[in-house]
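Have a look at the structure below before the remarks.
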Amino acid sequence: MSTHADSHGARDADASIRLTDSDAAIARLSAVQKGYIHDPYITHFVPRAHLQHPRPPLINVGTFVRGTAIDDLVDQWLVTVGRLGRQCQIVSMGAGSDTRFWRVATGTHKDALATYVEIDFPEITTKKAMAIRKSKELNGVLGTSPSDIRVNHGGTAIHAPKYHLLPADLRLPPATTLGNLLATSDGAGGSAILSPSLPTLLLFECVLVYMEPSSSDDVLRWFVEYFSPQETPLGALVYEMFGLGDSFGKVMVNNLKSRNVSLPGAEPYPTLETLPRRFLNTGFNGARALTLREIRRSCISAEELERLSTLEMLDEVEELDLVLEHYAVTWGLLAPAPGVQVSWGGWGLGGRPLIYEENV
Ligand SMILES: C[S@@+](CC[C@H](N)C(=O)[O-])C[C@H]1O[C@@H](n2cnc3c(N)ncnc32)[C@H](O)[C@@H]1O
């Protein structure tokens, strides 16, 4: 039985986890201000954005490499869907202050997007809902008239024609949380928010690492079970730190511990080779992982690297490599129907083929 002190401790730990969202948003703002990336929406989600100090060059480069890799995977998904004459759904778990919905919904491949869902703790979705309501620019992308946008659940949720912001703790049993939020009616008498028959991409950017591996596996299995019966292509990508058993990793773990943040989700993944298992063990057919160091080396064009080198002086190249090799993007594909692998099997970074279950 948990004591009052226990539950207070757990609440504090959750508050510390939620604070990582501000770090992520400030890092993105910094990379925008320094010219690494373009994102006209991030300032709406960072209070007093003009007063924030830029992050060091090493962090800006990391933000650039990670953002470029994830943009590439998302764009490829949208392009494949468009080529097949279909539309898709994107579900971003632990979305925090991410601006991707606005970038996709105003971008080249916007017609391929049917539905975009963001999930986070209610404290974070409330903050995000307020930022959205305050900004004409953000609202304008959600809908053309005020009646397009409904704020629900005491200000913790937003529903718009293509966009849903939903509060949930992803550690709770997904059959009830995700099942109620996504697989049942949207509350307005309509159909479920998530159609089981549209190609769907799941994004987990720096969120599963804060959860126990068993809870993360439950979330992935819930999606696999939701889409498998309809033989619908399901893609997923995870970006986070791994390989924390070495001296660099131990320093990172201790730094976070001093901020009351622990990383139980990194424990099953001591090496790059172990990362695809998170998908292969939960029902996906194929998966692959690349470190940010490798992505920077082999997936970013020489012109882009040249452009970056003109933005800021980066003295610590060895330190940069050390940091980048502790972060990875892992992508997994469930391609249940015959022929689906033909259309979707090339999805990935740097032309790297997926590793299939039997080869692990
Ligand atoms: C490091 S931030 C990343 C935010 C965003 N994905 C990005 O990359 O910019 C981690 C986010 O995951 C959310 N998160 C962590 N654990 C969660 C849980 N159990 N349920 C829902 N959200 C969670 C946090 O509240 C926070 O917004």
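Cβ atoms are placed via backbone N, Cα and C, with glycine included.
TrEMBL lists Arg66, Asp169, Leu170, Glu205 as S-adenosyl-L-methionine-binding residues, and of the candidates Gly85, Gly94, Gly140, Gly143 the one it assigns to that same site is Gly94.
Here the binding-site residues are Asp169, Glu205, and the one ringed by the most other CB atoms within 10 angstroms is Glu205. For the binding-site residues shown (Arg66, Gly94, Leu170), fewest C-beta neighbours within 10 angstroms: Leu170.
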